[in-house]
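According to Swiss-Prot:
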type	residues	note
SIGNAL	1-22	signal peptide
TOPO_DOM	23-549	topological domain 'Extracellular'
CARBOHYD	ASN61	N-linked glycosylation site
CARBOHYD	ASN282	N-linked glycosylation site
CARBOHYD	ASN333	N-linked glycosylation site
CARBOHYD	ASN417	N-linked glycosylation site
REPEAT	420-444	repeat 'LRR 1'
REPEAT	445-468	repeat 'LRR 2'
CARBOHYD	ASN451	N-linked glycosylation site
REPEAT	470-492	repeat 'LRR 3'
CARBOHYD	ASN482	N-linked glycosylation site
REPEAT	493-516	repeat 'LRR 4'
CARBOHYD	ASN524	N-linked glycosylation site
TRANSMEM	550-570	transmembrane segment
TOPO_DOM	571-626	topological domain 'Cytoplasmic'
REGION	603-626	region 'Disordered'
Amino acid sequence: MMLRFILASLLLSSFSLYSSLARPAPYALRISCGARKNVRTPPTYALWFKDIAYTGGVPANATTPTYITPPLKTLRYFPISEGPNNCYNIVRVPKGHYSVRIFFGLVDQPSFDKEPLFDISIEGTQISSLKSGWSSQDDQVFAEALIFLLGGTATICFHSTGHGDPAILSIEILQVDDKAYSFGEGWGQGVILRTATRLTCGTGKSRFDEDYRGDHWGGDRFWNRMRSFGKSADSPRSTEETIKKASVSPNFYPEGLYQSALVSTDDQPDLTYSLDVEPNRNYSVWLHFAEIDNTITAEGKRVFDVVINGDTFFEDVDIIKMSGGRYAALVLNATVTVSGRTLTVVLQPKAGGHAIINAIEVFEIITAEFKTLRDEVSALQKMKKALGLPSRFGWNGDPCVPPQHPWSGANCQLDKNTSRWFIDGLDLDNQGLKGFLPNDISKLKHLQSINLSENNIRGGIPASLGSVTSLEVLDLSYNSFNGSIPETLGELTSLRILNLNGNSLSGKVPAAVGGRLLHRASFNFTDNAGLCGIPGLPACGPHLSSGAKIGIAFGVSLAFLLIVACAMIWWKRRQNILRAQQIAARGAPYAKKRTHVSHDIQMSRHGHNNHGQARTAVENGPSLLS
């Protein structure tokens with residue numbers, strides 16, 4: 001009995017009036033990691049942009065593991081000193097459905113003598129974990145997934161697992177049809193398809209879609225060659241005939257994919273393919289057929305069942321009948337739940353003696369992770385900058401997802417009603433933090449606990465903390481906070497513990513804070529020389545708050561400036577009066593007479609002196625005048 005039958009030829013049978021119409025080119029971005037300039041690579045001379053949008057890391061020369069790896073000369077690796085989570089944050093990506101592919105590389109340095117093992121996530125969902133030996137397997141030197149990017153960005157992160165530094169050769173973001181690989185119930189924008197394998201069967205070789213001259217809307221898939229499923233298990237077939245119904249919407253398979261095949265033999269009539277998979281996962285299996293065997297010319301000549309992990313998914317498959325003729329593409333799709341570690345596909349002949357297959361695709365179905373509230377992510381990023389958070393923390397990507405790699409020091413909780421993660425705790429004590437605590441911390445509205453003790457944080461305690469009403473524990477002890485305690489802390493009605501000891505705070509503890517704490521919470525204000533006003537601290541009495549001290553200092557300074565200004569004005573006025581009196585005295589009659597007498601006396605003295613001087617000159621020598 002057929003458990004499920006999703007026939008992709010139903011989509012193909014309309015044959016593509018849609019695909020025959022001109023479509024705009026799909027969005028495509030290729031990044032050559034570590035490169036300082038754009039490059040093109042043969043044989044298609046694809047354009048790779050220089051390295052952009054990375055959060056850190058080190059550029060280096062690259063060693064390409066296999067021949068299918070793009071022939072690029074550089075990579076970017078992320079040493080553990082830069083933190084466990086490093087990302088590429090790519091912006092201005094049009095809303096749509098994408099194939100995202102990341103090629104890995106090996107650092108071309110003697111000190112890097114082993115392949116790194118690490119995890120990869122896209123938009124907060126982990127899609128791949130590298131396994132030992134990946135660098136020698138063609139289909140393991142990259143990770144690929146089909147994902148909807150709806151927020152205008154693509155965040156691709158690499159998570160250290162303690163086995164070497166993640167090293168990335170290239171990143172590709174290639175747009176595909178919005179309905180590509182729709183597998184029916186359960187498919188949608190919240191689903192990611194991770195490529196487990198793609199095989200082209202028969203005499204063909206490993207190729208990309210572009211090698212097949214496939215449609216760009218196919219996403220330039222890589223097809224790994226499968227020459228045989230086992231010794232004496234099959235024989236190859238090939239043709240140069242045109243294949244109908246191949247490169248059509250929404251998947252746009254290349255025609256060349258259907259021009260080779262494997263056919264079972266008399267020794268082993270069943271065609272069997274097995275793939276190692278992760279247990280307790282769902283997989284989407286796509287089987288490709290085209291009747292290219294010259295010995296099969298009519299309906300009923302070749303009929304077989306498709307059995308996956310012991311269950312019959314498709315009964316009485318007759319390719320010619322179902323595709324509409326010879327040399328026509330047929331695609332069958334099934335969703336399979338696998339409890340063990342092996343997925344096995346068996347084609348069991350019922351008529352004609354042999355089964356045939358052209359290509360196989362297997363995807364792991366992954367439910368996209370819920371993301372953290374955007375405002376809270378933004379607030380944490382501003383805190384990271386304001387506090388000078390060391391790079392070893394690796395605060396990149398989403399703080400809560402993937403759940404296997406949350407940010408160190410940030411505690412997360414999922415709100416099932418809104419399907420969003422939020423931050424309910426900060427544990428960053430004794431981490432060498434400096435700088436100041438920004439007002440944006442109040443945007444973490446779900447915080448229940450803040451522990452920033454034993455750092456070197458300066459400045460005032462943000463008054464905005466009073467709006468985080470869920471806060472139960474606030475420990476800012478042994479820092480360098482100064483100024484007064486904000487009165488808004490009295491609005492924290494859920495507060496159980498308040499530790500502000502070991503800082504440089506001053507002024508009176510606000511009544512709203514002290515009164516509530518005396519009755520409901522544990523508190524510690526010691527080792528703040530300027531604090532006063534509650535039991536255990538000096539009485540405020542003559543003590544002045546820092547605000548009052550500033551006010552007094554300002555008043556004294558202003559009074560001094562006024563006194564100086566008045567003194568200068570008085571002095572200038574006095575000078576002007578004296579000058580006016582002198583001028584008036586010279587203009588009086590008695591003053592003129594005295595001036596004439598004085599002038600006559602001076603002239604007489606002057607003449608007498610001149611006479612004496614002339615005589616002395618004659619006596620002393622010849623005159624200089626003739």
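In case you wondered, yes, glycine gets a Cβ from its N, Cα and C as well.
Taken together, the residues of the repeat 'LRR 3' (470-492) have an average pLDDT of 96. Proximity of distant same-chain residues to the repeat 'LRR 1' (420-444), defined by a Cβ-Cβ separation under 8 Å and at least 6 residues beyond the stretch ends, is recorded for 370-373, 375-376, 378-380, 382-383, 386-390, 393, 398-401, 409-414, 450-459, 461-465, 467-468, 470, 475-476, 481. Note on the repeat 'LRR 3' (470-492): DSSP counts are 5 helix, 7 strand, 11 coil. With ASN61 (N-linked glycosylation site) as the anchor, the candidate glycosylation sites are ASN282, ASN333, ASN417, ASN451, ASN482, and the one with the nearest CA is ASN282. Each of the glycosylation sites ASN333, ASN417, ASN482 was scored by the number of other CB atoms within 10 A of its CB, and the lowest score belongs to ASN417. Under the three-state DSSP scheme, ASN417 (N-linked glycosylation site) falls in the coil class.
Taking Cβ-Cβ distances under 8 Å and a sequence gap of 6 or more within the same chain, the neighbours of ASN282 (N-linked glycosylation site) are THR335, VAL336, THR337, VAL338, GLU364, ILE365. ASN333 (N-linked glycosylation site) sits 34 Å from ASN417 (N-linked glycosylation site), taking the Cα positions as reference.
With DSSP classes pooled into helix, strand and coil, the tally for the repeat 'LRR 2' (445-468) is 5 helix, 5 strand, 14 coil.
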